[in-house]
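The structure under discussion appears below in the form of structure tokens.
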Amino acid sequence: MTALTVMVQGTASSVGKSLLCAALCRIFQRRGLRVAPFKSQNMALNSFATLDGGEIGRAQAVQAEAARVAPTVDMNPVLLKPEGDSRSQVIVLGKPIGSLHARDYFAYRGELKDIIARSLGRLREAHDVVVIEGAGSPAEINLKDRDIVNMHVARAADAPVLLAGDIDRGGVFAALVGTMALLEPDERARVAAFVINKFRGDLKLLEPGLDMLTARTGVPVLGVVPYLKQLRIADEDSVSLEGRRRRAPAGPGELDIAVVRLPRISNYDDVEPLEHEPGVVVRFIERPDEIGNADLVLLPGTKSTMADLAWLRASGLAEAVAARARQGGWTLGICGGCQMLGGAIEDPEGVESAEPAARGLGLLDVWTRFERTKTVAQVRARLAGGSFLGPAGAVNAGEAEGEGAGELTGYEIHMGRVERVGGAAAAFAIGSRGGKAEPALDGAVSADGAVVGTMIHGILDNDGLRRSLLAALRERRGLPRAAGEPAIPSRHEEYDRLANAVEASLDRALLDRIVGLDRR
């Protein structure tokens, strides 16, 4: 039987569509249904590697995990990774097809519609419910004739639409009514209910507004979802990153981690596990004076290493980071950050830049050569030497014992090759890629152990390694070690917390009627 569908659209970006979809995936999964997420086209710099080596938006990987299914490229058949100047790398069914200007990309929409329809069809054949996420707003009237992600998909899937608005930013009633006013009659008819998201306060005070909203539009309110604090679920939207730049400085007993906020930052969810650790303050910085007395400086991934390296030099951060590292300051680079910490960076084919070559910061003995072949893989690895950062043995993979002890997981997403030179020590020894044995060495460690680079995203998601790193940082500062391991919820516990809050806020009977579950 073909799967039922439900679609979450929003009045704007960052109203909570991705998390609402993740909640619905977990809600339906807990009822014993086979659930899959779907987003036809995603524009994001946070991406994820599927087991078969495809690249999809991070949000759909999160939603798949919430649904307890393996992420596949059909869940996000088109991914756009912005490169600047109205250009994006276009990834179709997990593979890059090139970099296109927005005007050129729109010429492909007919072909993309067919690809999207086939992906959606495969998901519907294999599952009971498909939870579909829209993008931005369906009321972008200047783009409506090019739509392949909002009402076009709702029609193709015959999906009822839940229209979400963010009350925390203000103006939610105007946003919902205004969106409905700009939709075509057939599109308005497809909107089955409203969801008010991120509510704080007394619901009784909101109820008159909800009644007026339904009276004006004829659309019921499915529920009012509370503002949920400190969810350990990866963000995708750059809007969420903006808020995290304005963090208070670390207190006397807290660890201070400074993340360089590169203009083209990508996969910045690499640092989220650090943000959720007690006694740790993560700051995003853009100026040399903001480094302060940071215990760790982290250079994250970037969509354009060459361009962001030029920005790093122009901002003065390159010199400041290098000077600090040469004095023994601990520094970590992930993916593009690893490349920047190295020496020669070559781009003879113009994969990333018109510049054929550049020099990194010279803190690691690695050489980078960009090539058109893209590496996308889930990996399993171990520490290659005595330590991850600091003196040998200071940081390890944790205290686990038995089969799999010391094994780390993550994923690679990068163009070209990064190789060690001059006998540099590797950071990690990869054992497998994509579930297949493929031994290789990754990254590099400086001679004094103060600087480490790796091409593996998600490495700090490994609890043992992360906590060992934080313990070493505390010891270096003379701070007491944490009293035992903090009780940090697992991601699945967080999906349940999210689902519990959303399910308690929605009219279940109405939701079942909208989706069609009352008839099955």
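Placed from the backbone N, Cα and C atoms, the Cβ positions cover glycine too.
The domain 'GATase cobBQ-type' annotation in Swiss-Prot covers 254-465 and rests on sequence analysis.
Under DSSP, Cys335 (active site, nucleophile) is assigned to coil, being neither helix nor strand in the three-state scheme. Per Swiss-Prot, active site, nucleophile is recorded for Cys335, and the stated evidence type is sequence analysis.
Among the features that Swiss-Prot reports, active site is placed at His457, with the record citing sequence analysis. DSSP assigns His457 (active site) to a strand segment in the three-state reduction. For His457 (active site), the count of additional Cβ atoms within 10 Å of its Cβ stands at 26 [all protein chains shown].
Remark: Cys335 (active site, nucleophile) has Ser266, Asn267, Pro300, Gly301, Thr302, Ile413, His414, Thr454, Met455, His457 as non-local neighbours, by Cβ distance under 8 Å and separation of at least 6 in sequence. Along the domain 'GATase cobBQ-type' (254-465), the predicted structure has mean pLDDT 89.
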